Amino acid sequence: MSNALSTLSNVPLRPFFQQQLSMEEQHATHVVRVIARHGDTLTLLGNDGQSSLKLPGKWRLQPPEEQPIVGDWLVMDQQNQPLRWLERLSHLSRKAAGSGQQTQHMAANIDTLFVVSSCNRDFNPSRLERYLALAFAGNVQPVVLLTKADLVDEPEPFCRQVESLHRGVVAIALDARHPDLHHQLGPWIGPGESVAFLGSSGVGKSTLINALLDQKSMATQAARADDDRGRHTTTARAMFHMKSGAWLLDTPGMRELRLGESNQGLQTLFSDIEALAQACQYRDCDHERTSGCAVLAAVASDTLDARRVRNYLKLQREQTYLTETVWQQRDRHRQFARLVNRVKIDKFGKR
Ligand SMILES: Nc1nc2c(ncn2[C@@H]2O[C@H](COP(=O)(O)OP(=O)(O)OP(=O)(O)O)[C@@H](O)[C@H]2O)c(=O)[nH]1
Ligand SMILES: [Zn+2]
């Protein structure tokens, strides 16, 4: 099965993962990476190439958050059976579109999330904040790529605006079709790095990805692999080699994400607002109408951007909505119905 395209490109395992292996394990086991998952079947890539593995019973019975996902590193014994997976460096998850409460565990061990927006029509700081929160929630470094820089006179102000959203956020304005792309993204796409792209439709994600991917690796994306019984199966991969030696994680639906359930991302992104809120007069201040609100005072004195506060409150409401249980949701709907009834009675004097 071994061929140059489908091996781990000779990049040594990162120290973060390496140090999780005992001395004994370093001799008696090997690690492989999960590069796709379809139902209970994992596609694995190791130094010997690609293989399939039916999820062992001990894992199948676990809740989804305790099962291996794309990007995980598995420790395999000498019989090629999985022992465990290594602690994750990062973990991107989202709420499944349209399915209410379900969390989808998208990818593990992504180093950089390229958040793609364009300098013109798509540019929207509130949407960018949503993506940044998602990256922070998963412990992934976000890098904002502002495409279509060639279509505006001055792309720099867009970059400054993005960088003002959160300390340390890097924004790069570029033409996605420019041959110099590899150089511009060089710091994040070195050998062994794992990256993913995220952004609205039409901003240039496919253009970027097609330029960066190793096209020969794309051709093998539906590679045939042996499953655990030696049968041949056809598997669609979710991770691809880039020309630079980095890994691209790309699954259908990966490019458009909604917020996950972790509150951590919002806390990181809006830490200044949360710090201010400590000084609000009431602990349950809604930062909208409550008197003695330190956040509103900061907006009034122009030291805090009103748009950011609005987006913070909006994303927080969304989060609350996403994480409430079915029972809490039912309760909220009932309360709302009661409120509507009361208004009707007040207004029309009848039910
Ligand atoms: N002028 C210019 N055009 C660009 C740039 N990036 C992308 N485009 C064009 O914008 C259009 C949309 O680009 P895509 O790469 O298909 O966008 P996408 O984000 O993949 O869109 P979806 O596939 O719908 O998610 C194409 O016609 C690209 O050639 C850029 O930096 N400058
Ligand atoms: Zn307040």
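For all residues, glycine too, the Cβ spot is worked out from N, Cα and C.
Positions annotated as GTP binding site by TrEMBL: THR147, LYS148, ALA149, ASP150, GLY199, SER200, SER201, GLY202, VAL203, GLY204, LYS205, SER206, THR207. Using a 10 Å Cβ-Cβ cutoff, ALA149 (GTP binding site) registers 21 neighbours.
Under the heading Zn(2+) binding site, TrEMBL lists CYS280, CYS285, HIS287, CYS293. In this structure, CYS293 (Zn(2+) binding site) belongs to neither helix nor strand by DSSP; it is coil.
What TrEMBL lists as domain 'CP-type G' is 99-257.
Taken from TrEMBL, the feature domain 'EngC GTPase' covers 108-255.
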Distance [Cα-Cα, Å, rounded] between LYS205 (GTP binding site) and HIS287 (Zn(2+) binding site): 37
Neighbour-count leader, CB within 10 A, binding-site residues: THR147, SER201, THR207: THR147
Predicted model, mean pLDDT over the domain 'CP-type G' (99-257): 83
Neighbourhood of CYS293 (Zn(2+) binding site), C-beta criterion under 8 angstroms, separation at least six: CYS280, GLN281, CYS285, HIS287
